[in-house]
Amino acid sequence: MALSNRLALPLRPALAALRQAAPGQRRRLSTPSGPGHTLDLRGIFPPLTTPFSPTQEVDYARLEGNLRRYASIPFRGLVVLGSNGEYPYLAPHERLQMVSCVRRALPRDRLLLAGSGCESTQATIELTVSMAEAGADVALVVTPCYYRGAMTSAALVQHYTEVADASPIPVVLYSVPANTGLDLPLEAVLALAQHPNILGIKDSGGDITRMGLMIHKTRQEDFQVLAGSAGFLLASYALGASGGVCALANVLGAPLCQLDHLCREGRWQEARDLQHRLIEPNVAVTRRFGIPGLKKAMEWFGYYGGPCRAPLAPLSPPQVEELRGTFSANSWL
């Protein structure tokens, strides 16, 4: 797909002007105020799973059913085509159709973040433009990692700068070393935070010291940090994170939004108690059992999980019982 001529236009001045707004109030959460944002990422975003039929076709009717149920939960927005959406297993036309389907169902006051990261800079730019045309508000761009030995800070800064220069929508960096084997270096994040079309980062690494440094050292920038897991959400908020993109929100969305609310109200003991009950279920649907576990848990809470696309295999009966026991032990079932 050829890039449109508009991508060659100098976007930086226009984007910088668009994103000047009055600073938001942080209401007892110790988040650096910084400049205002046209797109405020404060809140919880579930990274949607992709529902498949028994024949492993994308089931858009089931997706719409899940979206109807999520509409009653006060999410800030939704993420489509993240790691939990089985993004690498989807064909290009399926990716765009997923974004279009979610955009049609999503109220305009809720943000749609769409994964558009590819291995090459050119492919990432082209997909990012297509995601914007399909209705995405923000592009979530994972680190290219196939040639990870060559992905130095300089190479990654160049990659993201070119993508952000060309993108018609704001970009959020995405570091998920558990899947890519590559942690976006802190020095690269700090350099990229100065770009007017890079809105923030989703950091799934779980290194709270690194996250705290990132927040501290970008406090003068128009840059927002999102926790990439429910397991360290409270700690991230205490350090000043803006919100969370949490796999567990597909299952326990309302409790995670309640945790967000408690932190913003400064009700830290209640928040701590709730966070403790979320840690083990979160580990179970992420590190322990992954997407098959997440989809199985969704079924117990009234959502459609369904099968994964091969080669991801379903859980064994003993694994299902272990997963159920984890949710029961923390009083969720």
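Heads up, the Cβ atoms here are built off N, Cα and C, so glycines get one too.
Annotated active site, proton donor/acceptor per TrEMBL: TYR174, in sequence order. Cβ neighbour count for TYR174 (active site, proton donor/acceptor) (all protein chains, 10 Å cutoff from its Cβ): 27.
Note: LYS202 (active site, schiff-base intermediate with substrate) has non-local neighbours LEU140, VAL172, LEU173, TYR174, SER175, VAL176, LEU226, GLY228, VAL245, i.e. same-chain residues 6+ apart with C-beta under 8 A of its own C-beta. If you look up TrEMBL, you'll see LYS202 marked as active site, schiff-base intermediate with substrate.
Within 10 Å of the C-beta of VAL245 (pyruvate binding site) we count 29 further C-beta atoms, all protein chains included. Taken from TrEMBL, the feature pyruvate binding site applies to VAL245.
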